[in-house]
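What follows is one structure encoded as structure tokens, with my remarks underneath.
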Amino acid sequence: MADVVIVRYLFTFLFLNACHAGIPGLDNLEQDGATIAQSDNHLKDDLLSIDKKMMVHQPRYKCYQCESPDCDEGDDFEGEGSQMCEEALYCFKSTVRASDGALRHSRGCSSKRDHYQFTCRTTQTSQRPRKRHAGQLNITCCQGDLCNAGRFPALSPELAVAPLSAGVWKLWLSVALAALAVGAVGGAAVLALRRSHRLRVSRAAQKLGADSNYFSSNMYSSHVTSAYYEGVEGSQNGPGLHAVAAGDSTLREYLECSVTSGSGSGLPLMVQRTLAKQVSLIERIGKGRYGEVWRGSWYADSVAVKIFFSRDEASWRRETEIYSTVLLRHDNILAYIGSDMTSRNSCTQLWLITHFHPLGSLYEHLSRTTLTRHQMMLICLSIVNGLLHLHTDIHGTQGKPAIAHRDIKSKNILVKVNGECCIADLGLAVTRRHVAGAGAGAPHAPHAPDARQGTRRYMSPEVLDLSMNLQCFESYRRCDIYALALVFWETCRRVRPAREHRPPFYELAPADPSFDDMRKIVCVDNARPEPPLDPTDPHPTMVGMANLMRECWHQNPSVRLPALRIKKTLLKLAANDNSIRLNEDNEVYV
């Protein structure tokens, strides 16, 4: 075909040259050349579309032209009131289903060849199902005057998308199952990594004497915020207050002179010598007679920093020595990290660093929370476990001596995030060695403790009337049992139906009672708090707790129960109460 076109172009060129040369019959040749040029144009059109070639010499027609809702439908349609279009190559009528489901009809015409591909051929290509427009459009084209009258083309249901075959459903099901399998494998991998991370953290924490249950429970998570655990510098309270060490620490000299090996529940001695440089103080959380308590940041972990005044160096020494005792580490005793001496603003400060418990003391916790019997038993048993460990002698090459706390009260007991408690503030604690120094008369023996030290509201009758045998260590342990009974009384008051939290003897003693006030109440009047029992229907567990308190705060010290007997009594009460859950070891579930 291309060769024919080239030959015809050459033939035309020769005729044009002949025209300039004066060849006769030029007019006929010009007409023939025009005809040949027109034929060439037709051939070019043939190359673009065969359909256009077929329509070159088609006649023109008249067609109806209207849009919904002006178009009528029926075999008797005569086009009354409709517009007409003339000189059309073809006429068409169409039916369209809109996105809202409504049908729209139209009649029209086209006088351009290019429109043929976009109108009439749409019906041919729409016979194949398509994703978006299948069954939504049908156009009928015709040639002839007013041939687009009559009924509109129907939308065949065959044009709708066919339902998915069973094979396709199986394919999608297999894809979904594969995605679920990949998700399950990924979730298992994440859980394994998290477990591995927790195990590494737990092993590292055990080396530092950490509480293994510190992050394990969310029982009281509503009171805990991330700020308690993220002691990052610059968070909340600015860059924090950094301690500057005052030269060489004297902690090593002190511990080298101590009878202990220095390998107690805290960090190694070499680490403690630089501990103050590593801790940033964030906020003050308490203040007492011996100093202040701050929340600090130590390697992004929150710690409690007890800062003693310089005049209370003896108390700091005593507490550091007690915490450095071998085998003192216990879940229900405040975990000790280390001690150090530092200076700030030219003032010497004595630091004692322990774990931080965001729920605060038991006194604060009882003021804002009511308890179930399960929670009450968990608190009481954890306190008894800690006190039992303090009171117990552990014999061996490096055994633990028995320790009497001497200041048991709800403000010196901290609540952990798992609902258990731990005993804190060992500044007044004594061992048999301290007690033996009272009558030994040895030049290097420690001084005998003062019987009137402690919190007056929780002092036992023998301390108040000065009848206590200061040379007998067992007397100090019995004083702890008396104070423990008062703590049990505070805890049981908050069991539902709860009464308002009050300190012991609140109705008899002033807010800050004197020594004589408490001696009159406890020794002369022989008064004790009334056990919190429901007068209408006392529960057997609460009745048992009331009897236990009476035995523990008895006027005669020798009648009071030891810590081990108290623990066994509590476990027996818990075993008989269905609302208290025990594990296989007969311990209350955390």
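Just so you know, the numbers here start at 1 and follow the chain as drawn.
The backbone N, Cα and C atoms fix where each Cβ goes, and this holds for glycine too.
These figures come from a predicted structure and were not determined experimentally.
Residues annotated as active site, proton acceptor in TrEMBL: ASP407. Every protein chain shown contributes to the tally, and the Cβ of ASP407 (active site, proton acceptor) ends up with 22 other Cβ atoms within 10 Å.
Residues annotated as ATP binding site in TrEMBL: LYS306.
Per TrEMBL, disulfide bond is recorded for CYS142-CYS147. In this view, CYS147 (disulfide bond) is surrounded by 19 other Cβ atoms within 10 Å of its Cβ, with every protein chain counted.
The domain 'GS' annotation in TrEMBL covers 249-278.
Annotation comment: TrEMBL describes 279-571 as domain 'Protein kinase'.
The feature signal peptide is assigned by TrEMBL to 1-21.
Under the heading transmembrane segment, TrEMBL lists 171-193.
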Select one residue from CYS142, LYS306: among these recorded positions, choose the one with the most other Cβ atoms within 10 Å of its Cβ. LYS306
Whole-number Å distance separating the Cα atoms of ASP407 (active site, proton acceptor) and CYS142 (disulfide bond) is 108
Rounded Cα separation (Å) that holds between CYS147 (disulfide bond) and LYS306 (ATP binding site): 102
Here the mean pLDDT of the domain 'Protein kinase' (279-571) is 90
CYS142 (disulfide bond) and LYS306 (ATP binding site), distance between Cα atoms, whole Å: 99
